[in-house]
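Participant: Pasting a structure below so you can have a look.
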There are 2 protein chains.
Amino acid sequence: MDSFAVETSEAQQTLDLEKNGHVERTQWVLNAPEPPSFWREVLDSVKKTIKPPGNTSEILKRQPGSKRVVLFLQAIFPILSWGRNYKVTKFKNDLMAGLTLASLCIPQSIGYATLAKLDPQYGLYTSVVPPLIYAVMGTSREIAVGPVAVVSLLVSSMIQRLEDPETNPTAYRKLVLTATFFAGIFQAAFGLFRLGFLVDFLSHAALVGFIAGAAIIIGLQQLKGLLGVTHFTNKTDVVSVLKAVLRSVDHSWSPHNFILGCAFLSFILTTRFVGKRNRKLFWLPAIAPLISVILSTLIVFLTRADKHGVKIVKRIKGGLNPSSVHELHFNGPYIGEIAKIGLVIAVVALTEAIAVGRSFASVKGYHLDGNKEMLAMGFTNIIGSLTSCYAATGSFSRTAVNFSAGCETAVSNIVMAITVLISLELFTKLLFFTPTAILASIILSALPGLIDVHEAYRIWKVDKLDFLACLGAFVGVLFVSVEIGLLIAITISFLKIILNSLQPGTEVLGRLPGTEILFDVDQYPMAAETLGVLAVRVKSALLCFANANFVTERILRRVSEERKDAKGSTSTAKKVDLVILDLSNLVNIDTSGIASLEELHKNLVSNGMEIAFTNPRWQVIHKLRLANFVGKVGGGRIFLTVAEALDACIGGRRAAI
Amino acid sequence: MDSFAVETSEAQQTLDLEKNGHVERTQWVLNAPEPPSFWREVLDSVKKTIKPPGNTSEILKRQPGSKRVVLFLQAIFPILSWGRNYKVTKFKNDLMAGLTLASLCIPQSIGYATLAKLDPQYGLYTSVVPPLIYAVMGTSREIAVGPVAVVSLLVSSMIQRLEDPETNPTAYRKLVLTATFFAGIFQAAFGLFRLGFLVDFLSHAALVGFIAGAAIIIGLQQLKGLLGVTHFTNKTDVVSVLKAVLRSVDHSWSPHNFILGCAFLSFILTTRFVGKRNRKLFWLPAIAPLISVILSTLIVFLTRADKHGVKIVKRIKGGLNPSSVHELHFNGPYIGEIAKIGLVIAVVALTEAIAVGRSFASVKGYHLDGNKEMLAMGFTNIIGSLTSCYAATGSFSRTAVNFSAGCETAVSNIVMAITVLISLELFTKLLFFTPTAILASIILSALPGLIDVHEAYRIWKVDKLDFLACLGAFVGVLFVSVEIGLLIAITISFLKIILNSLQPGTEVLGRLPGTEILFDVDQYPMAAETLGVLAVRVKSALLCFANANFVTERILRRVSEERKDAKGSTSTAKKVDLVILDLSNLVNIDTSGIASLEELHKNLVSNGMEIAFTNPRWQVIHKLRLANFVGKVGGGRIFLTVAEALDACIGGRRAAI
C-alpha cells in the first residue's frame, strides 16, 4: 500500500469519525468494561484502608533483612529517620521553644489537673511522659502534647457521675486512669485499622461550637476557684453552675481570692494583648502565667494571706511519675461505662490533635499521616495511663506558642518534658503557697482563644446548615451535657448528608457561547436553551428510592408546564418534544432509580415525546445494562454528551423533514 | 461606522474570544449571579411542595366566581371532570370489570377479615364504602380498593398485642376502627401537606422483601383454618407459628378440613395456571374463588359435614354498613400506641396503593398525582372508619384483574361496591355453611403473587446493597415482627445513602479521541491522560466533613506515588507537576470541604506543583467566594472546563520556555 492510499484512508476514517462519531461514541458508552463488582470494591476499599500509603511494603521486600528491620522501626518511630539529620542549629531553636513551652505548661498543667478534679501533680505527670512518647512516635513537628482544657472537662464531667472525686478521690483517680487506658487503646486501634475517617465525623463546624461551649463551661467552673467557694455543683450545664455560683455568693465567698485572681488575670490578658501587637514579644504572654504564679506565691507567703481566707494549693507531691499499673481496674461495676467514656475521650482528643497538627503542617507544607498520628496518640495515652498520666492530646494554645517560638522538631517537646521533670523533682515544695485563684485565672486566660466567634460567623456566612451543627453542639454542651452536645452535633451533620440526597433539584441546561458543553442556565445566564428541547441534569450523585420519584415528578411537571405555556402563548414558542436527561452527576443508581427512569421514559413516549439519556457514568451504565434498561429504551437513545444528543436528535429530525 | 468596520470589529471580537476565551469564561464562572440564599431555597422548596402542580391557582384567579367553585370541586373530586365525558361504551367495559372484581372480592374480603381477626362481615363492609369514596376522589383508573392481605396482617399483628380478639372482640374491634381512623388522618395529612416523599422512604427493594415475608407469615397463619385448629398462637414470627402448628398437629386437627381446603386450593391454582396460559380466560381464575365458595358450601350443606368436624363460618351479619362513630375511642389507655399503629398502617397502605397505581398508570401513559392519591386514600379510610370498615388500600391482585377485565374508569369500583352491597343485603345467610378451610385456601392462593423471587433476583443482580435492604426486611418480618422488618429495611436504606457519601472515590480523567471533554479513564480505556498532569474528579455530590479529608488524602497519595514512579523509572515519564481538580460533580460543599481544598492547594504549591480547579457549580463557587477561597488561590486558577485548564496551563508553560 503506498503512502497516498494510507493518507486517503486516514482522511476517510477521520471523515467517518466526524460523521458517525456520535454513533461510535455511543458504542463506547454502551460497551464500557465492567466496573469492579460489589465484592471487589468492598475488598479494595478495605485493602486501600489497611495498606500503608506509598509502596512501603514493596520497598521493604527489596531490602536485605537488617535494612528491613531498620525501615520498619523508622516507620513506627519517625524520630529514627529525622533524628539522623538533626543539627545543633536546630537544637538551639528547639531548646528555646521547649523552655518557653515549659514555662507556660507548668502552671497550665496544674490548673487543668484541678479542672479534671485530680491532685495538681497529675497535671505535671501528664506533661512529662506523653510528650516524650509522642516525640519518638509522632509525625507532627509543632504539636505540644499534654493535658488540655476540653479533655480535662470531659474527664471530670463524665467520670464524676460514677464516683465522687471529693469523697473518694482514690477510686475516682483509678477510674480516670482506666478511662485514659481505654482511650489509648481506641486511638491505637483507629490508627492500626486505619479508621482515620472516624475522626472526621466530628465536623469542623461542630468542633467550633463544641469547643466554644466547653470553654464557657470551663470558665464558669473556674468561678469556684476565683470566688474561693468550698461547696460547688458537680453538674456542668450552665444553669446548674450559675445557680451554684449565686448560692455561694449569698453565703460564703472570699473577696481576697477574687481580687488576687482578677488582678493577675488582667496582667496575663494585658501581656497577651502586647504580644499580639508586637510579634517579637511572643514570649511575654507565654511566660506571664509562670510570672503570675511566682509573684502571687511570694505575695501570699510574705503576707500569710492564707490565714485571711485566700485558698492555697498546699502540698504538691514531688518526684518522678509513679507507676500506676496497679491502679487500672478492669473488673469493676463501671467497666462498660468507662470503656464508653474512653471512646468519647479518644475521639475528642484525636479530633483536637489532628485539627491542630493539620493546620500547622499545611502552613509548613508537609502532610500529616492521620493514621500514624492516631497510633502515636494511642501509645502516648496507653503508656501515660501506666505512669499516672491522664488523657493527653495536642494543645491549641501551647502548639501556637511552640510554633511562634520557632520550634523545628519534636525535640522541643522533649526539652519541655525534661524541664517539667526537673521542676517536679526540685520545685514542687515552692508551690505550697500558690493561691488557687491564680490557677483559675490562668485557665480563664486560655479560654478566649477557644471561643472563635469570627469562625462561627464565617460558617454562618458560608453554610447555614453547618452553622446549625455548630449551634447545636454549642447549645447542647452549654445547657445539657458534654456528651449530648457531641451527639447533637454528629446527628445534625449526618442529617445534613441525608437531607442533601433527599430532595435534589434538577437544573435546566443551555449551550454556552463558544463551547460545545451545556451548563446550568441559572448559573450562566448567557447559556442559551435550544427551542423545543428540555435538557435537564439531576443535582445528586445517587438516584435512589428517596429521591427518584421526586426527580421524575419535577421533570414531568416542568415538561407539562412548558407545553402548556407554549399552547397558551401567541409567540412562535415551540412545544417541547425532546427531553434530554443528563446523567453526568449520577455516580450510582439503585433499583428504584432505574424503575423511575423507565417510568419517565414510558410516560414521555406515550405522550409523543422523545427522550435521550447522556453521559451515564461507569456504575450507572453497568446497572442500566444489568436491568435491561438499555434494551427497553434502545441503545440509540443513549449518548456521550448532551451536545451530541442534541445534534443527533434535531439533525435527524431535520433530515426527515 | 461603515459595514466594513463593523465586520472587522466583529471578526476581531471572534478572534479575541478565541484567544482569550478561557479568560473570559473564567470570568463567567467567577461572576455567576448569586444562587438563591438558604432561606429562599427553604421557602421555595416549601412553596413548590405545597403549591399544586401546574398553574391551577392562576387559572382559578382568572375565572368568575361560579366557575371557580366548579374548578375547585373538580380538583378535589376528579369524577366531576372525567364523569362529564363518560360514555355508554365505557360503562359496558366497567360493568364487566366490576362484576368480575366483585366475584373475586367477596370471598377475599371474608378471608382477609378473618386474617384481621374481625367478624367476616367487616371485610364485606370494607369492600363497600372505601371503593365508593375512592371512585369520586381518586385519580387512578385501575386501582381496586378494599381490604388487602398485608394490611390485614399488620392490623391483627399489631393490635392483638393490646387487646385479645378472642376474649374481648368488641374492645379489639374498637381499637381497629380507631387505628383505621388515625391511618386515614395521617394519609390525608400527607396529601394536604404534600409529604408524598415520605412514602418513598420504603424503597422498592425493601417493599419486595417486606411483602414476601408478610406473605409467608400470612400463609402460615392460614394453616390454622386449613387444619381446623381451635387454639393457635397470637405471635406472627415464623418460629412461634411453626411451633403452634406442630403442637396442634400432635393434638387436635381435623383431616376433613385439610382435604376440603387442599382440594379447592388446587382447583383455584389450576384455574390460575389456565388463565395465565390463555389470556382470554382471565376471568376463570377471577371467579374460581367464588365458585369454590359456592361449591364447598353446597357440599357441606348437603353432607352436613359440619357435624363431622368441618369448621364453618356460621352466621354472617347481613345488611348495610352500620355506623361506627360511637366505636371510635380517643381517651383509652392505648391512644398513643394506636396513633403509632395508625401511622405504620398509613405508610404501608399508601406505599402499596401508590406502587400499584403508578405501575398501571405508566402502562396507560398517564401520570398519577401522589399527593392527590394520598388525600383520596385518607378520606377513604376516615369515612371508612365511621362506617364499620377497617383499613383499605389498593390491592395488587384485584387491580390486575380489574385491568385484565378491561376497566376504563373508577366506575368499575362503584359497580363492585354495589354488587357487594346487594350480596350483604341478600346472600349472607347462604354463607352459613361455608367451610373456613375454603377461606384459608382462597387467601393462600393469593400469596404466590406476593412472593416475587424473580424481582428479588433482579435486585441482587443490579444492586447488592438494595438486596441487603430487601433481605433485611424479609428476615425481619419472618423472624422478629412486622414493625421490626419495616424498621430494618428503612435503616439499611438510609445507611446506604450515608455510606455512598462517606467514601467517595476519585476518578482520573483522560481526553477521549474526537472530543474536547475529559472522561474517566477506567470507564473509557481509549481516553488518554496528558503527560505530567493529573486530572481527577471527585465522585460525590457533596464535599463535606465526612469525606473531604479522605478525598484530599487519596489525591495527595496518588500524586506522591506517580512522582515516585516517575523518579524510579528510566523511561521518559514526566513528573506530575499540574493537578487539575474537576469539581463538576460537586453540587454542594461545606466549610470542612472548603478547608480541605485550601489544605490541598497549600500542600501542592509548597511542593512546587500547580493546581487548577474546574467547573465549580453554582452553590460551590458561591461558597468558595464567600469563604474567600478564590482570593487565596487566585481567580486564574479556576477554569470552566478541564480542557481549558489544560490548554491554559500547559500552553502558558510552553510560551514561557
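Each residue, glycine too, has its Cβ placed from N, Cα and C.
Values in this document were obtained by computation on a predicted structure and should not be read as measured data.
TrEMBL feature annotations, pasted as is:
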TRANSMEM  B:95-113  transmembrane segment
TRANSMEM  B:133-155  transmembrane segment
TRANSMEM  B:175-195  transmembrane segment
TRANSMEM  B:201-220  transmembrane segment
TRANSMEM  B:281-302  transmembrane segment
TRANSMEM  B:341-362  transmembrane segment
TRANSMEM  B:405-424  transmembrane segment
TRANSMEM  B:430-453  transmembrane segment
TRANSMEM  B:465-495  transmembrane segment
DOMAIN    B:543-649  domain 'STAS'
Participant: To the transmembrane segment (B:133-155), which of B:95-113, B:281-302, B:341-362, B:430-453 is linked by the most Cβ pairs under 8 Å?
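Facilitator: Counting Cβ pairs under 8 Å, the winner is B:341-362.
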Participant: Are there residues at least 6 beyond the ends of the transmembrane segment (B:465-495) whose Cβ is under 8 Å from a Cβ of it, and what are they?
Facilitator: 153-154, 157-158, 201-210, 212-214, 216-217, 236-239, 344, 348, 456, 459
Participant: Honestly, do the transmembrane segment (B:95-113) and the transmembrane segment (B:341-362) touch, with at least three Cβ pairs under 8 Å and pairs 6 or more apart in sequence?
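Facilitator: No, the stretches stay apart by this measure.
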Participant: State the non-local partners of the transmembrane segment (B:201-220) in its own chain: residues 6+ outside its ends, Cβ under 8 Å from one of its Cβ atoms.
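Facilitator: Contacts of the transmembrane segment (B:201-220) (Cβ under 8 Å, skipping residues fewer than 6 from its ends): 115, 149-150, 153-154, 157, 236-238, 241-242, 245, 347-348, 351-352, 355, 443-444, 447, 450-453, 455-456, 459, 463, 466-467, 469-478, 482, 485-486, 489-490, 492-493.
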Participant: Could you give the residue numbers and ranges of same-chain residues that sit at least 6 residues beyond the transmembrane segment (B:341-362) on either side and whose C-beta is under 8 angstroms from one of its C-beta atoms?
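Facilitator: For the transmembrane segment (B:341-362), the sequence-distant neighbours (Cβ-Cβ under 8 Å, at least 6 residues beyond its ends) are 140-143, 145, 148, 150-151, 154-155, 158-159, 178-187, 190, 198-199, 201-202, 204, 207, 211, 368, 370, 373-374, 377-378, 381, 391-396, 399, 403, 483, 486.
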Participant: Sort the residues of the domain 'STAS' (B:543-649) into helix, strand and coil with DSSP and give the three counts.
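Facilitator: Counting residues by DSSP class gives 62 helix, 15 strand, 30 coil.
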